[in-house]
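Pulled from TrEMBL, these are the features on record:
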TRANSMEM  40-70  transmembrane segment
DOMAIN    373-408  domain 'EF-hand'
DOMAIN    410-445  domain 'EF-hand'
REGION    498-517  region 'Disordered'
COMPBIAS  499-514  compositional bias 'Low complexity'
BINDING   G624, A626, V627, N631, S870, N902, L967, D970, S971  Na(+) binding site
TRANSMEM  648-669  transmembrane segment
TRANSMEM  690-717  transmembrane segment
DISULFID  C729-C738  disulfide bond
TRANSMEM  787-804  transmembrane segment
TRANSMEM  824-847  transmembrane segment
TRANSMEM  867-884  transmembrane segment
TRANSMEM  896-921  transmembrane segment
TRANSMEM  941-967  transmembrane segment
TRANSMEM  996-1021  transmembrane segment
TRANSMEM  1027-1050  transmembrane segment
TRANSMEM  1071-1090  transmembrane segment
TRANSMEM  1110-1130  transmembrane segment
Amino acid sequence: MTPAQRVVALPRQQSLLLPAVINPFVQDTKLSRAAILKCVLLGIFLVPIRAILLSLVLMVTWPVAVIITFKHPLKGAVEPMTGWRRFMCRRLMAALGRTYYFCMGFRVVVKGKQVSSSEAPILAVAPHSTFFDGIVCIVAGLPSTVSRVENLATPIFGRFVRCLQPVLVSRKDPDSRKNTIQEIDSRAKSGGRWPQVLIFPEGTCTNRSCLITFKQGAFIPGVPVQPVLMRYPNTLDTVTWTWQGFSSKTLLLLTLCQLYTTVEIEFLPPYIPIEEEKKTAPLFASRVRETMAHALGVPVTDHTYEDCRLMISAGEMTLPMEAGLVEFTKISRKLHLKWDNVRKELEGFAAMASSCKGGRITIEEFARFLKLPVSPVLEELFALFDRNGDGTIDFREYVIGVTILCRPANTEDVLQMAFRLFDTDEDEKITREEFTALLRSALGVSDLNMTKLFKEIDADCSGFITFRYDGMGKLQLQPQCFPNASLPVPSIFQVNFKPSPRATRSTPSSSPPTWSFRDIKRSRRRCPVIWNWPRRAGVRLVRTAEKMNIQVAPEHKLSSVAPLKQCNVEKKEVELILVKDQNGVQYTNSSIVPTPGNAGPPGSTDEERETWGKKIDFLLSVIGFAVDLANVWRFPYLCYKNGGGAFLIPYILFLVIAGMPLFYMELALGQYNREGAATVWKICPVFKGVGYTVILIALYVGFYYNVIIAWSLHYLFSSMASELPWLKCGNIWNSENCTDPKAINGSVLGNGSYAKYKITPAAEYYERGVLHLHESRGIQDLGLPRWELTLCLVVVVFILYFSLWKGVKSSGKVVYITATMPYVVLFVLLIRGVTLPGSMAGIRAYLHIDFKRLNNLEVWIDAATQIFYSLGAGFGVLIAFASYNKFDNNCYRDALLTSTVNCVTSFFSGFAIFSVLGYMADKHGVKIEDVATEGAGLVFIIYPEAISTLPGSTIWAIVFFIMLLTLGIDSSMGGMEAVITGLTDDFKFLKRNRKLFTFATAFGTFLVALLCITNGGIYVLTLLDKYAAGTSILFAVLIEAIGVSWFYGVDRFSEDIERMMGFKPGLYWRLCWKFVSPAFLLFVVIASTLTSSGLKYDDYTFPYWSNVVGWGVAMSSMLFVPVYAIYKFLSVPGTFKQRIAYCITPEHEHHLVAEGNIRQFKLRHWLAI
């Protein structure tokens, strides 16, 4: 048999390109629609609940880990943990770890028996497929592990790692491997003093299809090893964390969405090595692996951890067909090819390949080119490129393969080499056949009908693509659709996601412009299918024809203009996606897509809009706005009043089906359009009145919200005294009825409520010392502003002004303090609260579950309104904040993160509040319901009184009111920013004078707020609180949701989001926007209207005229919606139908109205999702 015949006879399953053994480093899990639907339905309920439970367990576990590792050496511990430390690790931490995994939904099945460390000092666990495999550490009683040094510095989890007493590995230390093996050997031979050492000998995650070569660290000591097997029998449990599989966040979410996740851990009998195995670690490792593979029923393979690292490196360099590189490298090593020599001879190879001019060579010629004898290994290498199985190969493909493998080449270099090799006629033209061969070799694209693709690139239908080289040897394409060289209109063929910078210039030139290839950028955000083989691999091949407005010089003017051969003049991209799996590469679709390089939506002209300095500035600003005083003074009381833990069911339900979708919608709306609350309605001009409504509402809220902040500031200054002023009676503001709290008990209260007992020093300080309410007879008797509160209000307004005067550049820095400080204080108050007597009774009352309360409609109304007001949708703030994001920011992730943080904060604050309320109830001998209250009475009466009884009360009071101050400041900043951004975007002269307008806005709120700091100011504040942002804000958001999801269209809105982030919102979000959220808002509007009652403040009933004034305030903002709609209808030209069309069509599509192409007049628009 000749060498060529032997090559043809080689099995075609040798290469990983067509593997006999499934590639262990890739993951090809495909979820059915039923599985996806199941995940969505279960995730709606399970994910929020599990997130809360996991947070609570984490809050308990972390302090325990701190105690265990307190003053224990961080590195190089000579002695293992003993005594109480070891007991807490093996018992308490293991129990908490089991609880943690239980909360995640894990069901653990343990088979076999774990032996002691004296019988088997080392546990070898396989297969290693996911970060959830850490559960075996919990089941095994927290043995030692091997961990990177960097893991110790990880916040929170670094403490957990320290509890494992890990063997530390440092990649920066050249002796790290040697030291690690010595440490493992020392612990394994310690006679049971150290815990067992748990090792994953594979060294990397695989897909469980086989066992790869074990690393030898666990076997060098030559001691008995107990094999431990891990199985995930459920269908979805086969999702693995391989480098080309799901991301860690996706894997975590999929797991949390399961009703339960089964994991089987089987302890096999210890493997006791014979003498030969003790001396030969590879032999020992191989036999243990075979034992484990036999028990698992999977094959073994000679793939190694280094192979995985090679594939990862290839992926990071955007090299195609990474698995093939592994095989290529293995064979090349067997041939002893010296890559340095190959690099030197690469140009010679290229010349040989060019000389072949597309001809095919046999293995003898192949061996002669490589200067190697024909051998079985060379035949293997030859077979990799013998696509036809006829004993011949195209040597050019081999050269390109070597270019990819041994040169630090990017995609541009490979394509340049490919163009040179496949230009067989040396005429700088590539035909369709040559183009097909080129892509097959350079980008791993094979078996593809390239006709349609080639036509998209060949704009002039000439049958070839022209290219040339510049002076630097760079490959450049010439546009073919403009025969006259003086017309610089580009046609660009790209293999990347961003247009070449040269494609944005339009300067006249004496020669046609040239367009360079750019590197393929690996970007899951912009194109999740790019180079993700074998799941999916995508190649975007883009042709852009861009309209140019060029003033041609007289000497370049033509007497006649040559035809342009039907070239496109409108800017567009044609996206062609090639999807590659193990069955080859096939063309899937072609579509017009928006240009990713654009910095904004169609019609956007705001090129100089400022952006947040850092992403964290935006996140903290949104969190700071959403997490306000209501999170502390309203949610805990509502939770307690409405069934404790049972209240979380409607609360989380409304969060998921309405709160998050509305939150996401506003962020996406602002970020895409890069406009404030008013001008964002260029997407549907008739609804611009909604923008003015929310701006006015935000302004109204600022009138009275700043007063509450001024109260907090007043209390803060009052706390800076040796004795708190509300500690006892006898002050000038106290009445004769003032009673020492020590004299108040349950018998004195009778059937009354302590929270409503207004003669305590704290209550009288608030109402008589701060508000001076006793000097007013009602809302008709306001009096003059109080000078103390006026000074505090001035300070608040100045803080707001100097935080906002430079826009997001200044406010983004302020929130570093105002958004983070409340969390620090809440945590400190919680720690202090749980140490007080009676605190546990308060927390039990807070969490007491009463499912019968769910039968009460009021509970559902409270949950709906709390979700709505807590997240802050509808005030224009989220739109304003998001408008300063970068256009491609992932606002989907931001919406989930910030809304979840807001709700978790509300729930967490309840522990800090009710621990103190429990203490107050215990102190006065009353029930929890007698001290539980909401609103200002909680934070300005009950809590300050409790603080005054503590040692170091001054410090505690200062800390508490700093928290209230920061909670209020960043929320007020958000409201004022919504007003400023909304109006400056609409009126450009205000934008040119932003600092002056910011001052005018702040000063205007100050002037109106003076009404709220008079003797009867609390009555004005109550009126504004009920009517300024009550039904009116619900009405505004309802119209906003209808305008976006119905008139503008959910499908179009989804396309806008895809333009920004590279992916469309899922069906769940689109259904929520279209149906669920509007229905939820309608429910809240109706419920709030039906349950509305006249104004009251404690025992004071407001006169009828004050309710009329309140409705006037509400209507003053709501009327903007119909009034502006009428104005818009009357101001546009055309017939009745055309006027309606102009009103509901996006501004950048008004030219379609004249053409009669009105999307909103088609039934398909209203039915689209």
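Cβ coordinates are placed from backbone N, Cα and C, and glycine is handled just like the others.
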Contact check, the transmembrane segment (1110-1130) vs the transmembrane segment (690-717), 3+ Cβ pairs under 8 Å, seq sep 6+: yes
In three-state DSSP terms, the structure that S971 (Na(+) binding site) belongs to: helix
Where does S870 (Na(+) binding site) sit in DSSP terms: helix, strand, or coil? helix
Counting only residues at least 6 beyond its ends, the same-chain positions whose CB falls under 8 A of a CB in the transmembrane segment (896-921) are 48, 51-52, 55, 619, 622-623, 626-627, 631-632, 635-636, 639-640, 648, 651-652, 655, 659-660, 663-664, 754, 822-823, 826, 829-830, 833-834, 836-843, 845-846, 867, 870-871, 927-928, 930-932, 938, 942-943, 945-946
Counting a contact as 3 or more Cβ pairs under 8 Å, with residues at least 6 apart in sequence, do the transmembrane segment (941-967) and the transmembrane segment (1027-1050) touch? no
Go through 40-70, 648-669, 690-717, 787-804 and flag the stretch with the largest number of C-beta pairs under 8 Å relative to the transmembrane segment (996-1021). 690-717
Under 8 Å between C-beta atoms and at least six apart in sequence, can you list the same-chain neighbours of C738 (disulfide bond), or say none if there are none? C729, G730, I759, T760, P761, E764
Taking the Cβ of each of the recorded positions and counting other Cβ atoms inside 10 Å, which one has the highest number: V627, C729, S870? V627
Maximum Cβ pairs under 8 Å to the transmembrane segment (690-717) among 40-70, 648-669, 787-804, 867-884, 1071-1090 is reached by 787-804
Residues within 8 Å of the G624, A626, V627, N631, S870, N902, L967, D970, S971 Cβ centre (excluding the Na(+) site residues themselves): I623, F625, D628, P822, G872, T905
Which residues, given as numbers and ranges, are at least 6 beyond the ends of the transmembrane segment (867-884) yet have a Cβ under 8 Å from it? 609-612, 618, 621-622, 625-626, 628, 630-631, 635, 651, 654-655, 658-659, 662-663, 665-671, 673-677, 680, 691, 694-695, 697-698, 701, 807-808, 891, 899, 902-903, 906, 971, 974-975, 977-979, 981-982, 985, 1029, 1033-1034, 1036-1037, 1040, 1081, 1084
Would you count the other C-beta atoms found within 10 angstroms of the C-beta of L967 (Na(+) binding site) for me? 29
Distal contacts, the transmembrane segment (1027-1050) - CB-CB under 8 A, six or more residues away: 662, 665, 669, 681, 683-684, 686-687, 690, 693-694, 697, 700-701, 703-704, 868, 873-875, 1070, 1073-1074, 1077-1078, 1081-1082, 1084-1085, 1088-1089, 1092, 1110-1111, 1113-1115, 1117-1118, 1121, 1144, 1146, 1159-1160, 1165-1166, 1168-1169
Taking all residues of the domain 'EF-hand' (410-445) together, what is their mean pLDDT? 58
Going along the chain, which residues six or more apart from S971 (Na(+) binding site) have their CB under 8 A from its CB? G624, F625, A626, V627, D628, L629, Y705, G872
